[in-house]
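The next block holds one structure in the form of structure tokens; read it before the comments.
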């Protein structure tokens, strides 16, 4: 739900890269190339960004009022 700030496995900071990654992928670039350009070579870091799903908008409709 919340963007990953650090890689869950190795602890590398990723929060500052997520907005760039998302913007470039939505623009049509291949995710693998974007991750290469961002300098993410470890598969654990790549997995953390690629597997993230933003569910916050879906969850907010169930907010207790």
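All positions are counted from 1 along the displayed chain.
Including glycine, each Cβ sits where the backbone N, Cα and C put it.
Marked as Zn(2+) binding site by Swiss-Prot on the basis of sequence analysis: 7, 10, 44, 45.
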Notebook entry, point to check: How many neighbouring Cβ atoms, not counting its own, are there within 10 Å of the Cβ of residue 45 (Zn(2+) binding site)?
Noted result: 24
Checklist line | Environment of 7, 10, 44, 45, the listed Zn(2+) site - residues of the same chain whose CB lies within 8 A of the CB centroid | finding: 8, 9, 11, 12, 14, 42, 43, 46, 47, 48
Next item on the list: Using a 10 Å cut-off, grab the number of neighbouring Cβ atoms around the Cβ of residue 44 (Zn(2+) binding site), all chains included.
Entry: 13
Notebook entry, point to check: Which of the three DSSP-derived classes (helix, strand, coil) applies to residue 44 (Zn(2+) binding site)?
Noted result: helix
